[in-house]
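Asks: Sharing a structure here in structure tokens format.
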Amino acid sequence: MDQLIHQLLLPLLYTLCVVLPLVIGVAMYVWWERKVIGWMHVRMGPNQVGPAGLLQAFADVVKLLLKEVILPTNANKVLYYLAPLIALVPALAAWAVIPFSDKVALSNANAGLLYLLAMTSLGVYGIILAGWSSNSRYALLGAMRSAAQVISYELAMGLCLVCVLVLAGSLNLTDIVNAQAGHKGIFDWFMWPLLPVFVIYFISGVAETNRAPFDVAEGESEIVAGFHVEYSGSAFALFFLAEYANMILVSFLAAILFCGGWLSPIPDAVPVLGHTSILWLFAKVFVFATLFLWFRATFPRYRYDQIMRLGWKVLIPIAIVWVLVAGCMKYYGLVHIGTGG
Amino acid sequence: MIDPSLFQLVCFYAFAAVTVVAALSVITLRNSVHAVLALVLTFFSTACIWMLAEAEFLAIALIVVYVGAVMVLFLFVVMMLDIDQEKIREGFVKFLPVGLIVAVVMLVEMLGLIGVRMMHTQTMGENPATAAGMSNTQWLGMALYTQYLLPFEIAALILTVGVIAAVALTLRHRAGTRKQHPSEQVAVKATDRVRIIKMAAERPADSQPAPAQESKP
């Protein structure tokens, strides 16, 4: 009986410990998005439900869950209901290898970075299938745009990850964070030697999650709402959840791969503030997550051909060159690689 | 309580069964989009089997490359096609003998290969990655970039040539297409587009043309 608990129930419990805060985090993130964009538009944002409108997101969830899921005429029934799940499952599965601290991770897999690449590349199926099975022109257009965009930016993103693993010499995310440890605090992070790649990674992350200014897959002023135009109620809520979970995931990865994860930006000689802490990780993630919202409030949407040009002719060449630069930096020992602990 | 090796065996048979069923449905499903999805499932469960065999790099590479990129493009194309199911089935009887011959030849070849393998008394050596105390990915990288560097680089070169050839074959310059030149757009100056002329707000009185004489009746 003891063994059963160890082998089956404990992993399940740990998984819940990640997924539940994630879902609540998504709700808070939606509230924060509406607040931030409200302030940038010089208006209040949600302020009626609960203190400072904090419960607005939960009210919206309840509203969505109570709505009817409508099946369009001649839609492909199985795929139509399966698509939101296919979008959500990789978005949640990717969290299995995210380390939260030196010792805390659901799975401290050796091929963690590869696994992440595999999981993030699966998310596009949900979008394509949703667009195709809805039997709607707008949805199909959105799915086409999204497929081309996600594949293009995945290449740039993959090359950025190659730079990180060349420097760190490991695919294990905990090792990658520990490789950024040192006595100089913020200056030991990979974001300095890999600055162009760091910027490219974040741009690709925004494009991968189909967020503004790369939100042509939704493009509400051109193709109404793109791939999920026919979805309502809880099916729509799943797409929503997947998108925001992916945004938080990209923020976590930016913090872990380039900004030292739970390491402190202050040199470790300083008492208290120089210590490693999970709070540093959350602070960095918060900054990146807020950047997503800032972009949305600031930039106009890219045109489709401009997105393709930026991805193929600007980001990918720079990333390829920087793979070579990272290799030279590693070979000549120009970057300090910490050992952690 | 749960025997690990037994559990592994059960998992292997489960994944293998899913692979076979999915592969069969690729060629039997009528809807081509469903067939592509069945192919995706085939790849996915094959990756699971490889993972069981501790070939983690190959398993994840299969998902990243085939499921994540190749099959997405495949699905993309198949979704766009307007396939007439009846027309495809028309030639079925005509091509059946050819298809059967190919299938039989392939079966014989595969059985022969399995037979040769069975007759080999030599067993497979120990997993070299475990022997070297490295993870599968690390060992594969070490082997490829040291021992097998030249074949690896040659393979990379051939692939690059293939990519360039594919692009060169499909790139056609159609007449009448309009293109943007972002570098020119960025380099443009206001003086290229608008010419501002200094002129007085009013014209001098004497140069004013006389109002046209209205013809009086």
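Note that Cβ sites are derived from N, Cα and C of the backbone, with glycine treated the same way.
Okay, so TrEMBL annotates it like this:
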TRANSMEM  A:12-32  transmembrane segment
TRANSMEM  A:78-100  transmembrane segment
TRANSMEM  A:112-133  transmembrane segment
TRANSMEM  A:153-174  transmembrane segment
TRANSMEM  A:186-203  transmembrane segment
TRANSMEM  A:278-298  transmembrane segment
TRANSMEM  A:310-332  transmembrane segment
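I'd like these features described in context: how deep, what's nearby, how far apart.
Replies: Same-chain residues lying 6 or more positions outside the transmembrane segment (A:112-133) and placing a CB less than 8 Å from one of its CB atoms are 75-76, 79-80, 82-91, 93-94, 96-97, 139-144, 146-147, 150-151, 154, 157-158, 161, 164-165, 171-173, 176, 208, 210, 217, 226-228, 231, 239, 242, 246, 249, 253.
With a threshold of 8 Å between CB atoms, the same-chain residues lying at least 6 positions outside the transmembrane segment (A:153-174) that come near it are 97-99, 102, 105, 108-114, 116-117, 120-121, 180, 190, 193-194, 197-198, 200-201, 203-205, 207-208, 214, 256-258, 311, 315-316, 319-320, 322-323, 326-327, 329-330, 335, 337, 340.
Same-chain residues lying 6+ beyond the ends of the transmembrane segment (A:186-203) with a Cβ under 8 Å from its Cβ atoms: 156-157, 159-161, 163-164, 167-168, 179-180, 250, 253-254, 257-260, 263, 265-266, 288, 291, 310, 315, 318-319, 322, 326, 329, 334-336, 338.
Listed as Cβ neighbours of the transmembrane segment (A:310-332) (distance under 8 Å, sequence separation of 6 or more from its ends, same chain) are residues 149, 152-153, 155-156, 159-160, 162-163, 166-167, 169, 193-194, 196-197, 200, 203-204, 207, 302.
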